[in-house]
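Let me begin by presenting the structure, written as structure tokens, before commenting on it.
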Amino acid sequence: MAARAPLLLALLCACVAALGPANAAAGRKMVGVYELKAGDFSVSVTNWGAIITSVVLPDSNGDLADVVLGYDTIGGYVSGKSYFGALVGRVANRIANARFVLDGKVYHLFKNDGNNTLHGGHRGFSQAIWTVKEFVGGGASPYITLYYHSFDGEQGFPGDLDVYVTYQLASPYVLRVHMNATAVNKATPVNLAQHTYWNLGGEGSGDVLHNTVQLFASRYTPVDSALIPTGVVAPVAGTPYDFRAPTPVGSRIRQVSGGKAGVYGYDTNYAVDGEDGALRKVAVVRDGASGRAMELWANQPGVQFYTGNFLLDVVGKGGKVYGQYGALCLETQGFPDAVNHPDFPSQIVRPGQVYKHDMVFKFSF
């Protein structure tokens, strides 16, 4: 399989070159980059991994900047290991020991995070070519809808699954993300997440330790040394995980283990306050230097707050080098390893049922 990787990369790059301005007809399964534009607000998406490759918007002085980490070419996303901008699945986050039991049957998954499965395995949805079903790049409400068929047994997961994601711009400065997945013939866990790395000061502008974050979550799921939940849902009060009031990212970061000896930072699932399934406010991020702010709403039970603990000299757009804490992620999701914790909100979708995941990003400056 490893020997085929350079060939795959070459073929993908050839597809991108052939596509030109990325205005292929709907349904064509080539790899391209598609821009959604509304005035001075634009979002670019590729159908490789359903990845958000850029989000450009003004700061308080009207100066434009791209506020998400990424690469200059599709090839960077193919070979990259950080999941920049990707839609991850079939099950985002970690599954302990790469196994689970469903309806009395044991399923063994591909291990790609030590002894565990991370973000769907080594060939999860972030490493697939999605089909462009609809694309409207301009007008009052630009959008793109992408589709992926995940086959029975892919990375060890049961059943065929039809997956859609729509990225849509709304004014003023709103990005909507709608994900849905239908189980075709077998019960299966489904937990999709959007894995964009945000730096509101502009990608490559330095770390985000000075950003303030507010999380509308009074509980979190503590983890073991392998970042697997212990099964407890604990209060954040009195801990360095408490972001109920706006708090600088770096204020207590060295009190939090990042998952490896000598590494500090947040890689933490929070239980979002409010009614599960209801669209509700999840987080607010502010960058004082640029004046930009981002408000996130979603309908999922959890949100993974990640502070780029393992970003170590990653060469990104324009040759910029992304260092540790160079961005943060806010990945709304079901709880990690829920398939092995019956007390966590269920992620099982049965034949004919539809999984739905909505996110709304509201930007201001």
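Just so it is clear, glycine is given a Cβ too, placed from its N, Cα and C backbone atoms.
Here is what TrEMBL records for this protein:
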ACT_SITE  H195  active site, proton donor
ACT_SITE  E331  active site, proton acceptor
BINDING   N93, R94, H195, T196, Y197, D267  beta-D-galactose binding site
SIGNAL    1-18  signal peptide
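Annotated features, which come from TrEMBL, shown on the structure.
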| residue | record | contacts (Cβ under 8 Å, 6+ apart) |
| --- | --- | --- |
| N93 | beta-D-galactose binding site | L118, H119, N191, A193, N269, Q304, E331, Q333, P336, D337 |
| R94 | beta-D-galactose binding site | D113, N116, T117, L118, A226, L227, I228, P336, D337 |
| H195 | active site, proton donor | Y83, F84, G85, A86, L87, V88, A92, H119, S126, C329, E331 |
| T196 | beta-D-galactose binding site | I52, V55, V68, F84, G85, C329 |
| Y197 | beta-D-galactose binding site | V68, L69, G70, S82, F84, G85, G308, L311, G326, A327, L328, C329 |
| D267 | beta-D-galactose binding site | L227, G258, G259, Q304, F305, Y306, T307, N309 |
Tell me, how many other CB atoms lie within 10 A of the CB of the residue listed as 'active site, proton acceptor', whichever protein chain they belong to?
23
Cα-Cα distance, maximum over N93, R94, H195, T196, Y197, D267, record's beta-D-galactose binders, Å
18
